[in-house]
Amino acid sequence: MGKPKHYRPPGKKKEGNAARYVTRSQAVKLLQVSLPVFRKLCILKGIFPREPKKKVKGNHHTYYHLKDIAFLQHEPLLETFRDLRAYEKKIKKAKAKKNEKRAKQLEVRRPNYKLDRLIRERYPKFVDALRDLDDCLTMVHLFAALPALEREKVEVKRVHNCRRLSHEWLAYISRTHKLRKVFVSVKGIYYQAEVQGQKITWLTPHAMQQVLTDDIDFNVMLTYLEFNETLLAFVNCHLYNSINVRYPPILDPQLEALAADLYALSRWFAAGSRASKLDPQPSSLSGSEEGQGTALKESELRLAQLQHQLPSNEPGALMHLVEDVAGDEEEEDEDTRECKKLFRNMKFFLSREVPRESLLFVIHAFGGTVSWEGEGAPFDENDDGITYQIVDRPTQTHRILSREYVQPQWICDCVNARIILPTEGYLVGRVPPSHLSPFVDNDAVGYVPDYAETIKRLQAAAKNQVLPFPGVGEEDIEDPQSLLAEGVIDRAEANKAAERKQKIMTLEKQYHDELKMELQGVSYSSSTSKQVSVEETEVREESLPDAEQIAQDTANMSKVVMSRKKRRLYEAIEIGKQRKRDEINLLKERKKNNRVSQKS
């Protein structure tokens, strides 16, 4: 008996999924590293598990593509991690022998590595880095607000570095007026900016004490943070150099000690823009590497040279923060110019109970001038030029008549609406209107809140547009007869318009009746409609099927023709639509109940 046609002896070359995919344990043995090192390599290189169509080893395994593992075999970081492991053994051996001096020397001379090459490898173009910046910004802002914990390896130095990088990003967005949306939620504050045509959305936690739980694997998060720090540093360096500002910035030590880092960065931008006008110099993209190696004496010398360029803490000195660099107006798009002028010529003062850092960032990004309560502020509370004071308390005892006292939500709603909203609903002690999310398309959802309609009409009024009334189409606006109720035309024209409207309604009703009769299969005309009695019409309507029933039967017939897969997909779509309609009806019912309760 001969061998089968496709006979393959055991242990020989594999085919199919068995040859293309390996499990995680097989990959670890192939690379000869431990599981934590393998996980760190995959995170830094951007290699993730795959889902093969046929899992050869079973469903309880994690699979990787064999080409990805071969890609890791030639990674220089693999040898670096092996050397670090051998170095850790030396330190452990010195501590075991109680040779503290030797252990300290080894700790000081611990080898280090950089991820610059990986950034260039994973993001060949700068636009690619911007597209992948959402999670990076969210994680950096998260660790900037976390407390330092030695048991979780969250060091003070790393927290300070995250805070510095996040402030540098916020300062650039504020200086270039690239912020587009702001939404305050329970999780934190959502921001969306548009940089070089890419929309970047990130989440920042509230300025509160963060409580760390035990169910978080900080080793994995710190590995992601290590890569994200390097990525954000490269992005900040490129963006700063694109507007002719030196990177890394040098902050005012006094403001930095007062935790006014964002304001200090804004002053650095103002000084850098003036210096670039006087002495423009080409900047290189390797500024981050050069800045890390700058000596302390050289930094102090540059700081001393720039002290005369920085604006002083005098009333009105913050107006320099919104100065335009020469030629910026030509490069700015329409959205940027609109955002730049929203809070122009307005001065804001932040009370001590409001989130200072967030409001400082948002108001600067939309062209406003802002100060706060405390040392290092540009102007104090008694300044006569203040137009709005942001307060978040039940009552305000001391009031100045020349300014308005509003809640912080008013700033966010004005930013999302791109207009200055009326302040009556946001005054101190009042319940503000609903804070609507700018990331939700009300028209697509099918439910438009009342306050969204109000904002839409205020926007139309600001742009000198006329919007239809609720329940009225836009075609009614073009018709001058729709403005009769407002007294735009006289009584004679009103009577003529009423008669014309009555005729149109009669013709429209007759047309619908004819269409309904045609759907029922009966010839119907205007001459025969006058001769048919009321009783005969009622009998005919009872005997013939309804138009809705005909449409439903047609839909069922088309459903029968479908294949089983398409029919299930169609049913799932219909279930989703029905669920969406139920949610909208629930919202409308709640709105109706709220109105009834308010009236009662």
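Heads up, the Cβ atoms here are built off N, Cα and C, so glycines get one too.
Given the ranges 44-76, 77-109, 473-505, the record in TrEMBL names 77-109 as coiled coil. TrEMBL assigns the feature region 'Disordered' to one of the listed ranges (296-316, 380-400, 527-547), namely 527-547. Looking only at the domain 'BRCT' (338-428), the predicted model's pLDDT averages out at 89. Broken down with DSSP, the domain 'BRCT' (338-428) shows 25 helix, 15 strand, 51 coil.
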